[in-house]
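For reference, TrEMBL has these:
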- C328: active site, nucleophile (ACT_SITE)
- C331: active site (ACT_SITE)
- R128, T130, W141, S186, H189, R221: FAD binding site (BINDING)
- C46-C51: disulfide bond (DISULFID)
- C328-C331: disulfide bond (DISULFID)
Amino acid sequence: SPLYIDVFNNFKIYPRIQKLTERDYFRYYRVNLNRPCPFWADDSHCSIKDCQVEPCPEYSQVANANTDIVDCEQAQDLGAINSTLSNYSKEAFEDWARHDDAQDHFCELDDETSPDADYVDLLLNPERYTGYKGPSAWRVWNSIYEENCFKPRSVYRPLNPLVPPRGKGCSSSLCLEKRVFYRLISGLHSSINIHLCAEYLLAEGWGKSLWGPNVQEFRQRFDPAETKGEGTRRLKNLYFLYLIELRALSKVAPYFDRAFVNLYTGDRQEDQASKELLLQFFNETKAFPMHFDEKSMFAGQKIEAKTLKEEFRLHFKNISRIMDCVGCSKCRLWGKLQTQGLGTALKILFSEKEIKNLPEHSPSKGFQLTRQEIVALLNGFGRLSTSIHQLHSFRALLKEKR
């Protein structure tokens, strides 16, 4: 039940995942934020690279006095990436790359090998409200939901991405796995919206910004009365996503249990402490008594399951490419990270047999995780854990207002 998940998360999981994601291994994420949008010309609210003001649409004299320009200037400040890194960190990253290259990895992801990919300090770039909204943001999410429909390959992109899909997300006639895909995307959307409502810019002045929960914004997105009952379903999908990723984390523990798997930063004490924290965290995930049973999913014939796994992988890769159309660097960063985290969780659930058969003292060709996947998996779940924690706070605030 949601209440049990709330208690388990807020007291057992949330404090541990917060500590873990502050460690050096988990706080730096390598990402390419400069890739052009592959699906439509960039006409977003602000420019892609630093959410600068210049590319905003031209307005009349009257419109210039209105809020669109203010919004865009605000988005310039709030959406820009803080790219500050110490010289020590920059030298360490070269060492990390050499270490990772020496590993026997199963797969690579586009962003990791790109010369335009840079490390970003996630602690300096918290996910929160940036002012990025309107038709540009709506179009990105609409295109992501279109991926749910598992359309024939000949239909590469909706003809008009601003037209919502026909029917109820075209999930009624789809197999269980494809309905699951829709619920996962909806849960991710809900989680991101909760973070934006909880870390909202409430006031600016004298060089200091006041951030905090915006109850009205939360109600607009999740109150059953204001969403025609849709808010309840969105929150159910959030809990569903949480359970899926929690299950994946409990399943992948044996991968990290092996002595030769280390969280390499070059500082042996730091690495040892990080691994101990990670294994304690996995013990908590395994102790959860109401785990999602994924046996009904991905349970078809071996060839069918393999085909479905590849289909899921391609859809998540495509969603990651849609994230290149997000017109705000900070939103793009967290969108790419959380998408990759979810994709990694599904990779784990699809690979149960390979994980069970892992050799104790050497890497396996059947199942490997790159540093990027590990960082995305833990930080992505950390975002979910935070959204459940924030949801609890919003419920308390709404009770007070009644």
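Heads up, the Cβ atoms here are built off N, Cα and C, so glycines get one too.
Those TrEMBL annotations? Automatic predictions, nothing curated.
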Would you mind pulling the longest C-alpha to C-alpha span across R128, T130, W141, S186, H189, R221, which the record has binding FAD, in angstrom?
21
Spatial separation of the residue listed as 'active site, nucleophile' from S186 (FAD binding site) - C-alpha basis, Å:
21
Using all protein chains in view, find how many other C-beta atoms are within 10 Å of the C-beta of the residue listed as 'active site'.
25
Residue pair W141 (FAD binding site), C331 (active site) - Cα distance, angstrom, rounded:
12
When a 10 Å sphere is centred on the Cβ of C328 (active site, nucleophile), how many other Cβ atoms does it contain?
28
Please work out the number of neighbouring Cβ atoms within 10 Å of the Cβ of R221 (FAD binding site), leaving out its own Cβ.
18
Counting other Cβ atoms within 10 Å of each residue's Cβ, which of the binding-site residues W141, S186, H189 comes out lowest?
W141
